[in-house]
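Some notes on the structure that comes next.
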Amino acid sequence: MNKVYSLKYCPVTGGLIAVSELARRVIKKTCRRLTHILLAGIPAICLCYSQISQAGIVRSDIAYQIYRDFAENKGLFVPGANDIPVYDKDGKLVGRLGKAPMADFSSVSSNGVATLVSPQYIVSVKHNGGYRSVSFGNGKNTYSLVDRNNHPSIDFHAPRLNKLVTEVIPSAVTSEGTKANAYKYTERYTAFYRVGSGTQYTKDKDGNLVKVAGGYAFKTGGTTGVPLISDATIVSNPGQTYNPVNGPLPDYGAPGDSGSPLFAYDKQQKKWVIVAVLRAYAGINGATNWWNVIPTDYLNQVMQDDFDAPVDFVSGLGPLNWTYDKTSGTGTLSQGSKNWTMHGQKDNDLNAGKNLVFSGQNGAIILKDSVTQGAGYLEFKDSYTVSAESGKTWTGAGIITDKGTNVTWKVNGVAGDNLHKLGEGTLTINGTGVNPGGLKTGDGIVVLNQQADTAGNIQAFSSVNLASGRPTVVLGDARQVNPDNISWGYRGGKLDLNGNAVTFTRLQAADYGAVITNNAQQKSQLLLDLKAQDTNVSEPTIGNISPFGGTGTPGNLYSMILNSQTRFYILKSASYGNTLWGNSLNDPAQWEFVGMNKNKAVQTVKDRILAGRAKQPVIFHGQLTGNMDVAIPQVPGGRKVIFDGSVNLPEGTLSQDSGTLIFQGHPVIHASISGSAPVSLNQKDWENRQFTMKTLSLKDADFHLSRNASLNSDIKSDNSHITLGSDRAFVDKNDGTGNYVIPEEGTSVPDTVNDRSQYEGNITLNHNSALDIGSRFTGGIDAYDSAVSITSPDVLLTAPGAFAGSSLTVHDGGHLTALNGLFSDGHIQAGKNGKITLSGTPVKDTANQYAPAVYLTDGYDLTGDNAALEITRGAHASGDIHASAASTVTIGSDTPAELASAETAASAFAGSLLEGYNAAFNGAITGGRADVSMHNALWTLGGDSAIHSLTVRNSRISSEGDRTFRTLTVNKLDATGSDFVLRTDLKNADKINVTEKATGSDNSLNVSFMNNPAQGQALNIPLVTAPAGTSAEMFKAGTRVTGFSRVTPTLHVDTSGGNTKWILDGFKAEADKAAAAKADSFMNAGYKNFMTEVNNLNKRMGDLRDTNGDAGAWARIMSGAGSADGGYSDNYTHVQVGFDKKHELDGVDLFTGVTMTYTDSSADSHAFSGKTKSVGGGLYASALFESGAYIDLIGKYIHHDNDYTGNFASLGTKHYNTHSWYAGAETGYRYHLTEDTFIEPQAELVYGAVSGKTFRWKDGDMDLSMKNRDFSPLVGRTGVELGKTFSGKDWSVTARAGTSWQFDLLNNGETVLRDASGEKRIKGEKDSRMLFNVGMNAQIKDNMRFGLEFEKSAFGKYNVDNAVNANFRYMF
């Protein structure tokens, strides 16, 4: 470029100036004359000549990659990024780009010489006369200049393009134009950045230059200082590359940068604006650049000149009829009597086409002729429908639909032409049949709703391209466009499947901006059957073979002339030897001869490229989102599928059938330097990617979650291999270029924790699946006939785990923390440096509370050095531990967590197993190599154990299970404040053997006997053996509650024989009153159920007296709560239904009836908790004498279904049935004080029978039993009631209140307790209480009544705290 001017050296300026090729002699003479002009006049004189600015001289102490990334918005320089640090090559901070958010340079053309300022216009300098086209973004679309629009007097032009640019957003243009000193105002313009592609140099602090590349090789960018001059021209000195006033990244324009932009950040408008284009510089060794400020008036006028008169549709006058004469390039839009002339392409002149703007609500246009509008576009300010007569088409620069508009487009295009669409509004494609034209959209919404022709053919477009990140294309149905012809260009856009099922055989996505989504309520089915490959192969370049050897690209084609014949070779290695002697051309490891026919050689290379592509992995850089399921069948040729974009399918399933699937992060793209790849496997900077779906379904697949990827999904695996935290990674060596994907496979291990992959969800493994966890994991695992291997130090099982026929191994620094219980029918293995932590479940929104959890396994194998097993914070673990290597076992914690009350049955069960300790283990520890520590913990020996060392603090070690005795062998024992519980059958016992050293104090030695010792029996059984010299005070006899007794062993210490032994002599046993009281309270629950029924026995007969003896069907519901000593409380709901009949006799009314009852009660105390459900029935009779006397009789049977859990003596949960009988009689006399007021003395006697019950179980190895026999309560009651009746014309209410004394005449049942120390009998007691009641009965209708009563008792051992009785009666 820059062909209009040549460069000449001017000694006055110390640099080059641009002169016309037609004026060389004049300029030479002028330069000579400049030597006589004062230095102060130099700037003005230099500006008289159009010096060519020729481009990028930058600091040598900053990595050149920084300047490249800056220019292309890559690396750190993402648009909008703030406070970007700039470091030199030694890692020292040079400065920060903190005065403005990072600018978006996408509006700068790919060659850096022009900038897009409107969808169809660019700006540059007019002396750039050589370029005829521009491209943007990744340069895949080329736009032709149809009019250069050169400024008449200054070095500036604003060319018009043939099409609307869809890839990028135009740059905003300064609103201040050439206003004097405007850009020196730093309060408004806070930063100045430039980008260009001129000749590249680096400069050191001594001013030495090193050339990097020639002009237009690539773009660089950087900072410039505040302008020294600001008017129609901006002048500054970015060539002073180490001067801080130019910012941390100064970039001095040099040869090739003419027309490149200068951007300024407008703080007032909060956006970057282009203010000028680069015109000149002061020479390679100079410092000054000159920019021409954008002449905004001229620019606006240029764009305005390309518009025809606006068209205003008037509703009610019919459609706009559009006729067009291709020969003249003119047409007419007419509506009624009004006409608008338009201009289209004239011959080959695209610029003859003018833009049309349409307004008017709900407009309609009909094309009568095909319209070729050239570079003219259509802009719709309002919603329109555009249709065409049969076969008529439209072509032009494109369509703009303004925000809020919906344009229905019923016009087909032309093959080979693309409809370019911009604007935030909607364009609905609604033509008929097959549209051979394509679509390129860069903004707004395009709805594809093409209609079928008479043959049923539909095609909205032959191809669709989305770019710039702004557009959305919505599929009306699955036939609108061949999915394989949909592509996403620079920054992409959204393809909305709109509830349709769509199949892709290839994905053409340039970058992360490519989005496939579904926003419809109907779920879409997306099939990625990625078997197709790109068959477009560029013509390979042919390199020359150096006779002296050299380097090249393996697989590329080279040629050499030998004996006057051109021979073609394919290079096999990265370098090759000389071809003169030791001819390397004959070495098959270096070269492959492919003949002397150029065309055949070229085709051979192409065929091999295609063959290679058939095996290449598929990399999708884009995004899958919305309401859809995605299926990926096996890809032919074993090709792998890699996602380095993202997936967000919260309610969707992604399924992979066979083959390899990889989710990974994305390497940060950097600008290429001299052909370098934009990304590499060994780079340090990667972008995180998120993958979210409801379910990831894998069948016969190999799945990898690699670096910088986060997966949030459940996984269902069938015969598949899952690697979480894989080091496997792929990069696309064409990433960010928009070219065909060139994958490179390798390994990439993250350097920081934040770059590691992470998984959250629940995994189900089936049918020989394998799971390798090498990264952060949170969730659950269920494995069936599968294998799990953990090497990650950060694996958290938050859901209950199940392993059936499956292995679980933690090794190589892996750490598994389980928080919610686990089941395994096999052994869990910890290898070298592997750690397993079993914990309770953290309680949400608390700092240190944990709910207990149970871990049931067949065992734990500690097979590698430094393996560790930790049982802590409310965990109960069972399963033998075998330590075959030096390892550690920790039970409990010296800083124990607070155990929360159980909210689930599983948690309650786990809590009961802890027995008040912070953690518990049940099993043996073998191997002799484990170091075991216990803090506030319980270890129940499940078998003989051998360990290296044992440290015990405030803990308990006991032996339980079958009647086999256990031996604990430990080399070194350190125990303090702990409890050791051993068993004996009076002949043998559990034993503790310490072989090397025993230390500690305040330890209790307790003995649980399995047989009842004879009075005064001497035992002489060794319990603990320790090395000689061990303190005799280390163990003392402890007292332990076992069953219902407090048992204290009698011991003596024997120091003879070279050991210290603690020997059991016998026992002292006495009843434990607390345990006995709990047992008695449990057994007396039946008495309290009996009293509940007694208090509700005669309610119906009392109602008869209040209702003047009306008989009939009735129903009653009662609810109450009671309490007693020992923390006892109960509550019940009691329902009665019945029917009675009245018999009128001489002087007496006799009522007989039948009743059925149901009671649901629950009870809780310090000793037990549970529920009783009772069902019963009975007969009753009531005699009401005319004198006021009455007699009530009732008989009743009740069956009780009981379910209770005792928390004493290891009772556990018991389910049992009982029954009871009742026979009651009550008599009294109702004396009327007035006609409606009465007093009623009463006396009642209830006799009953309550069935007994017997329980037998074991507390440890001690046999226990509890029994109470059938007993017959006799309960009396005397009292008085006072009542009054209130009545009206159609109603009456009887209110009453009463008090009575209820008392037991017989003791309740005796409880018999038995354990190894003997039998204990607890005699039944009597109870009594004062009852209070208040109630009312109301007549609702003649034959309906409603009653309500409240009761309470006091002064008893068992009292009714409150009771409510509601009844309803229907008389007939």
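Residue numbering: from 1, along the chain as shown.
Placement of Cβ uses the backbone N, Cα and C atoms for every residue, glycine included.
Here is what Swiss-Prot records for this protein:
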{"type": "ACT_SITE", "residues": "His127", "note": "active site, charge relay system"}
{"type": "ACT_SITE", "residues": "Asp155", "note": "active site, charge relay system"}
{"type": "ACT_SITE", "residues": "Ser258", "note": "active site, charge relay system"}
{"type": "DOMAIN", "residues": "56-301", "note": "domain 'Peptidase S6'"}
{"type": "DOMAIN", "residues": "1106-1372", "note": "domain 'Autotransporter'"}
{"type": "SIGNAL", "residues": "1-55", "note": "signal peptide"}
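A simple way to gauge crowding: the CB of Ser258 (active site, charge relay system) has 32 other CB atoms within 10 angstroms, across all the protein chains here. Averaged over the domain 'Peptidase S6' (56-301), the predicted model has a pLDDT of 96. Annotation note: Ser258 (active site, charge relay system) sits in a coil segment as assigned by DSSP.
When other Cβ atoms within 10 Å of the Cβ of His127 (active site, charge relay system) are tallied across all protein chains shown, the result is 25. Its Cβ placed at the centre, Asp155 (active site, charge relay system) has 25 other Cβ atoms within 10 Å. In this structure, the CA atom of Ser258 (active site, charge relay system) is 8 Å away from the CA atom of His127 (active site, charge relay system). Secondary structure from DSSP puts His127 (active site, charge relay system) in coil. In this structure the alpha carbons, written CA, of His127 (active site, charge relay system) and Asp155 (active site, charge relay system) are 7 Å apart.
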